[in-house]
Each structure stands twice: as structure tokens, then as C-alpha cells.
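For 41-290, the entry in TrEMBL reads domain 'G-protein coupled receptors family 1 profile'. Look at TrEMBL and you will find 25-47, 59-78, 98-120, 140-158, 197-223, 235-260 tagged as transmembrane segment.
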Amino acid sequence: MEDFNQTLPDMFYLLGLSTGPHLQVIGSLMFVVMYTITLTGNCLILITVRISRKLHTPMYFSLSNLSFIDICFSSTIVPVILRNTLSTDKSISIEGCMVQLLCYLGIGGAECLLLAIMAYDRFVAICRPLHYVNIMNSRFCITLAIIPWILSFLNSSIQVHITWRLPFCKTHHINYFFCEVPPLLRLSCRDTWLNEISMYIAAGTIALGAFSLTLISYIYIIATIIKMHSSRSRYAVFSTCSSHLTVVTLYYGTIIFIYLQPRSNHSVEKDKFISVLYTVVTPLRKTSLY
């Protein structure tokens, strides 16, 4: 433990998205607008579902959970981006970096699993409509809401622990706009292959696992839609799934790209752009779709 403490810096320094002052101002304004819309839209969804008894259904219960996750997810990342961009102080404490990484991985993983649960809810509603009420009962819905948080924060705790066991002796400047695993691994002077394997296993289990479950659900849903005789019924059913499909494509696609590509293919600027998509743009996009 003594050696570990000696290799851990007091502060990290986030280099951010861009060093150009004009681009920083424009970027900050865009992030403020998107963050405001994300918070407002998701809060409205939560309030609407809460006050309308007609919306007290499993589908809207999951949507409320997704809105709450989006609020937490954006609030973990965007305030740090704005502070880093607008202030001359680019530092982040070691504790702050650890907490941000813990929350970011935990909330992001919970969202992955929740999207798969929402796909299962649509599968039951469309393919097993007569059994929907019995299957998606209150106790089962609450269980499905709790499981993603437990699993994702368990994984998050493991990833944070093994990441902070590394000696960060190359530099204390993180070429990123928040504390993220791949940029932190680049700061270590020790071979990080065990950390990378752990990251691939975690991402493969959570992201690819959730994506596979979602894909299976939609295979059955599409097969059921094709069997419908009325084109109006097919359109009505498909329209209820289109927003979820768009969100799934955006979210799973960007996360798989970041965490499952080989280390040799990582480009810092490309990773920054993709990270902005799923940390800032995707929560905003979800609000407009739902």
C-alpha cells in the first residue's frame, strides 16, 4: 500500500476537447444548451409519468428510470466539461476523478442493461399481449429496475479499483475531457494488459450482452409484425419501437466502439468525438425521441 500511495498523484489535469479559445466558447454554449434541454426534458418526463395515473404502466416505469439515469449521467460529465472549459484551472482532485469514474461507469452500465429490459418489455407487449399484465407485474418490474444498478456499480467498483492500482508516472495530464479508463491507462508506465482484458470482459459482458438480448427481442418483435395482416397495425406497432431502436443503435454502437476496439486502433481525437456523442448528445436525443 505504501508503494501504491507513492505513485498516485495529488491532482490530474484535464486537457479538454480543444485548446482553441473560440472553439471553447462555442463548445461551452452548445453544452449548456444541450444540458439544459436534457435536464428539462427528462424532468418533464418524470413529472408527467408521476402525475398521470394512465401512465403508471411497466413501459413508462422503465422510461422514468431511463430519464432519471440520463439526468444522473449528464450531470456526471457536463458540469466537469463546463468547468474545465471556462476556468483556467484544469485540475481535478484524485478523489473527484475516482468518484466521476465510478459514477460514470456505474450509471452508463445501468443504462445499457435498462435498454435491454425496455426491449424485453416491448417483446412481451407485442408478442405475448395476453400475458403482459401477469409477466410484467409490479414486483418483477421493481426487480428489473434494481438489478442493472447493482450489476453495473459492482463492475464499476472493480474497474475503479484495478485502475487506481496502476502507477501514473508518465504524466498527470489527461488528454480527455473527463476521467475515463482508456485515457488513464495511457498515463501508466506499467504494462496495462490485465486492465485492458478486464475492460474488454466487462464491456463484452454488459454492452454486448445487453445488445444481444435487445437484438433477440427485436427479432421476435419483427417476426410478429410481419405476420400481421393489417398494414396499419404493422405501422402502429413499429412506430412504438422506432424511438427505442434509434436510441439502442446510438448508445450501444458508440460504447462498443470505445471499449471493444483494439488499443492500436485508438485515436484520442476520434474517441473524444465518440464520447461526446454518448455522454452528451445521446441523452438529449433520447429526450426528443421519447
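Cβ from N, Cα, C; glycine included.
TrEMBL entries are annotated by machine, without manual review.
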Requested in this report: Flag the pair the transmembrane segment (197-223) / the transmembrane segment (98-120) as in contact if three or more Cβ pairs fall under 8 Å (sequence separation 6 or more).
Outcome: yes
Report task. Go through the chain and flag residues at least 6 beyond the ends of the transmembrane segment (98-120) whose CB is under 8 A from any CB in it; none is fine as an answer. Result -> 59, 62-63, 65-66, 69-70, 72-73, 76-77, 80, 92, 144-145, 147-149, 151-153, 155-157, 159-160, 163-164, 178-181, 184, 206-207, 209-211, 213-214, 217-218, 244, 247-248, 251-252, 255, 278
Report summary line: Tertiary contacts of the transmembrane segment (140-158), defined by C-beta under 8 angstroms and 6+ residue spacing from its ends, are 58, 61-62, 65, 101-114, 117, 198, 202, 205-206
Query raised in the report: Do any residues of this chain, six or more beyond the ends of the transmembrane segment (59-78), have a C-beta under 8 angstroms from a C-beta of it, and if so which?
Result: 31, 34-35, 38-39, 42-43, 45-46, 49-50, 100, 103-104, 107-108, 110-111, 114-115, 117-118, 121-122, 125, 141, 144-145, 178, 279-280, 283, 286-287, 290
